[in-house]
Amino acid sequence: MKHSAEKTSFDMLPWDVRIEGWNPRTAMHEETLFAVANGYLGTRGTMEENPGNRPNSCEGTYLNGVYSNEKITYGEVAYGYATHNQKLLQVPNGKSIQIIVDNETVDIQNALSCTRELSLRSAILSRSMEWQSSTGKKLRITTERFVSQTESNLLCTRIKIEALNFNGKVKVRSLLDASYGFSPNPDDPRVGQLNMAESLKLINASIEENRASMLHQVNHSHFQVSSIIDHQLPTGMYLLNPVQTEKQVGFEYEIELVQAQPVELIKYASYQHNTDGLCDNLQQYNKSLLSQAAQLGWDKLKALHCKELEKFWHKSDVEIEGDPALQQGIRFNLLHLYMSSGHNGTSNIAAKGLTGHGYDGHYFWDSEVYVMPFLLATNPEIAREFLAFRFNTLDGARNRARQMSHAKGALYPWRTIGGDECSAYYPAGTAQYHINSAVAHAIKSYYNATGDWQFMQQQGAEMLFETARLWLQLGHFSDSHKGQFCIDMVTGPDEYTALVNNNFYTNAMAQAHLEFALRIATEFKQNAAEAFASLSERIELTEAELASWEQAASNMYLGYDDKLGINPQDDTFLAKQKWDFENTPQEHYPLLLHYHPLVIYRYQVLKQADVVLAMYMLDDKFDKDLKARNLAYYEPLTTHDSTLSSCIHSIEYAETGDLKRAYDFYHNTVRMDLDNLHGNTEHGVHTACMAGSWKGIVHGFGGVRYRANELYSSPLLPAGWQGYSFNLQYQGRHIKVSVNARATEYQLIKGAPISINHAGKVCELSSQHLVSIAS
């Protein structure tokens with residue numbers, strides 16, 4: 001909200017992000033924007049010739065779900081503190097290609113011109129650069145790069161080199177580089193502290209023909225990582241010297257250039273980690289993967305990659321007519337969400353995706369509350385893999401619950417990669433028990449949208465029951481609150497208020513969690529009585545415990561202030577002084593970097609939506625007037641220091657009728673990373689905010705909700721827009737919704753006929769005709 005940073009300048013193109021020139025002050029921001037990934041492998045948009053440790057650059061290649069496990073050092077420690085921090089790995093840079101003319105290395109800092117472009121349609125990063133040596137020799141260098149959407153292990157690079165005004169020899173040095181690292185900012189807890197030298201130990205390295213490889217052991221972990229590069233050389237390029245040190249392996253080639261006759265080098269980098277503990281043939285397995293890919297060749301690999309992106313956009317595209325900045329922004333955001341989302345049930349989506357080192361690559365509740373709705377409505381098969389990740393880490397959540405003195409049940413970690421709690425600051429970490437209800441909400445949303453009973457029976461119900469049973473151990477029926485069920489000493493979504501009693505969001509979400517768990521228990525008994533009995537026996541779930549859930553849910557304390565007509569954020573929030581926003585300097589935002597937590601905790605001030613988030617998440621439990629009153633009270637107290645905040649406020653302003661404010665918050669959400677509005681995109685994109693840009697148009701302006709077992713929509717058109725459209729996957733159907741000033745159109749693209757509730761009017765959709773409803 002009150003952040004600033006130098007902005008990158010680029011044209012508002014609907015399907016491209018293009019930057020002319022190079023500015024060292026914005027270089028790291030641009031490297032984030034130009035990152036490419038496929039859910040497993042990701043690499044930042046650094047340039048091929050980039051020196052690994054340049055001060056104004058941050059190199060980075062990452063494998064989703066692969067991490068080191070380092071002991072957390074505390075000055076003072078207490079029982080139950082998180083013991084280890086799981087850190088996303090930096091793995092060797094396989095895109096490094098240096099060009100040398102007369103012993104002078106080509107470098108962007110000496111370029112005559114440079115244009116970089118990320119195609120949002122194809123997720124291919126391209127560059128054209130002209131460079132002149134100190135002796136006047138000019139080169140044109142063009143590159144293409146993509147991380148394959150069909151070969152999860154593969155990074156592909158093509159570089160063309162053209163002499164513009166000379167004939168002569170140039171050297172090309174192609175490396176697999178494990179020498180780079182990153183120097184973190186110790187004063188910002190959001191910045192990760194990744195360092196390859198501290199994370200990887202070389203087991204072996206080898207060179208054969210045009211292929212070089214490294215095998216590393218990940219320190220403090222069972223993981224091993226295999227990295228291999230291979231080349232397709234142009235005619236006339238020959239090997240001068242192999243390169244092999246402890247940190248680098250590769251080749252130095254030489255070629256005779258002829259003026260105006262470009263030569264082309266293709267480079268593949270393949271990465272693989274051991275997925276089942278020790279793996280004696282990991283290197284051989286990776287070599288075979290690389291050989292298979294190389295046999296396909298550049299053109300075929302690129303075509304397959306582009307075809308996969310075409311499928312994604314067919315299901316996921318959002319069109320905005322009349323607002324080029326937001327059209328570019330939302331496509332940029334949706335692409336990064338897709339590229340960053342784990343597809344295999346053993347990984348998830350990091351807060352910074354696969355674009356940077358922020359938050360050490362941790363997964364948060366962002367996955368379920370922000371990203372899942374987008375995936376569920378566009379790529380439900382990936383949404384199921386997100387839930388499979390939570391199921392695969394359920395035993396870790398059970399262990400964490402025991403550490404927190406809960407006799408049974410499961411507590412999911414606030415920050416994690418492999419399933420263990422990594423948050424060293426428990427007031428804004430472990431105390432956020434609402435992570436359990438976030439997982440439950442995601443399970444409910446998935447089940448309602450897909451009807452996938454097989455998932456519910458095999459995985460969903462067990463997660464739902466194990467997380468639900470924690471609420472009865474956390475809370476109690478309080479005499480001071482008229483016998484209602486109260487939950488003490490927790491932290492809600494607003495991390496500027498911690499360790500409180502009866503956080504409204506936590507209580508409301510716990511109630512919904514228990515209610516849904518009871519619904520599923522009933523359905524389970526009816527649909528598969530034998531399987532339900534087996535699960536109940538295994539986790540020791542009794543009818544008495546189910547009855548206690550019903551009692552707690554029906555008597556949940558949800559505070560209400562009669563005088564203000566709002567829901568208090570917690571038992572003491574309204575008794576505090578309001579933060580002095582008028583006398584807080586602009587440069588003191590975000591507050592967390594300039595004030596001790598205790599100072600912030602003493603005041604009515606919010607980092608992000610809390611009660612307002614509950615209004616959105618539990619939509620049909622609250623009427624529009626209450627939503628408007630809560631919004632009017634809490635938004636002026638909200639700093640929006642978290643990028644998770646703007647989208648929720650946009651949605652609630654849209655629902656309560658203030659389209660101007662809804663648009664303003666939506667604009668900030670969509671352009672958050674492209675315009676670096678919080679001044680920290682250099683550390684990675686903000687994936688939850690990106691997902692919020694989808695939620696803002698679909699749930700906000702589109703008014704889409706799932707109410708009373710039906711799909712509901714009540715579209716609004718912001719001023720200045722000619723129209724917009726989006727796609728929804730729902731119960732096996734593909735529906736396209738288009739909105740303009742004249743009408744809302746619904747088109748059933750795939751699936752059986754279905755009804756939709758348009759602002760109270762039920763419409764029947766079939767593939768036979770378009771349904772148009774006048775505005």
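Here the Cβ of each residue, glycine as well, is placed from N, Cα and C on the backbone.
Residues annotated as domain 'Glycoside hydrolase family 65 N-terminal' in TrEMBL: 20-271. Annotation comment: TrEMBL describes 331-695 as domain 'Glycoside hydrolase family 65 central catalytic'. Here TrEMBL flags Trp365, Asp366, Lys607, Gln608 as substrate binding site. Per TrEMBL, the feature active site, proton donor maps to Glu495. Positions annotated as coiled coil by TrEMBL: 525-552. Sequence annotations record features per position, and here TrEMBL assigns domain 'Glycoside hydrolase family 65 C-terminal' to 705-764.
Spread of the substrate binding residues is 16 Å (greatest Cα-Cα distance among Trp365, Asp366, Lys607, Gln608). Listed in chain order, the extra residues whose Cβ falls within 8 Å of the Cβ center of the substrate site residues Trp365, Asp366, Lys607, Gln608 are Phe364, Val369, Pro493, Glu495, Ser642, Leu644, Ser645, Ala688. Cα of Lys607 (substrate binding site) to Cα of Glu495 (active site, proton donor): a distance of 6 Å. Residues belonging to the domain 'Glycoside hydrolase family 65 C-terminal' (705-764) score a mean pLDDT of 96 in the model.
Within the same chain, residues at least 6 positions away in sequence whose Cβ sits under 8 Å from that of the residue listed as 'active site, proton donor' are Ala428, Leu592, Lys607, Gln608, Ser642. The C-beta environment of Trp365 (substrate binding site), restricted to residues of the same chain at least 6 apart in sequence and closer than 8 Å, consists of Trp414, Gln432, His434, Ile435, Ala438. Cβ environment of Asp366 (substrate binding site): Ile349, Ala351, Leu644, Thr687, Ala688, Ala691 lie under 8 Å away, each six or more residues apart in the same chain. Neighbour count (other Cβ atoms within 10 Å of the Cβ, all protein chains): 22 for Lys607 (substrate binding site). Cβ-based neighbour count (10 Å, all protein chains) for Gln608 (substrate binding site) stands at 22.
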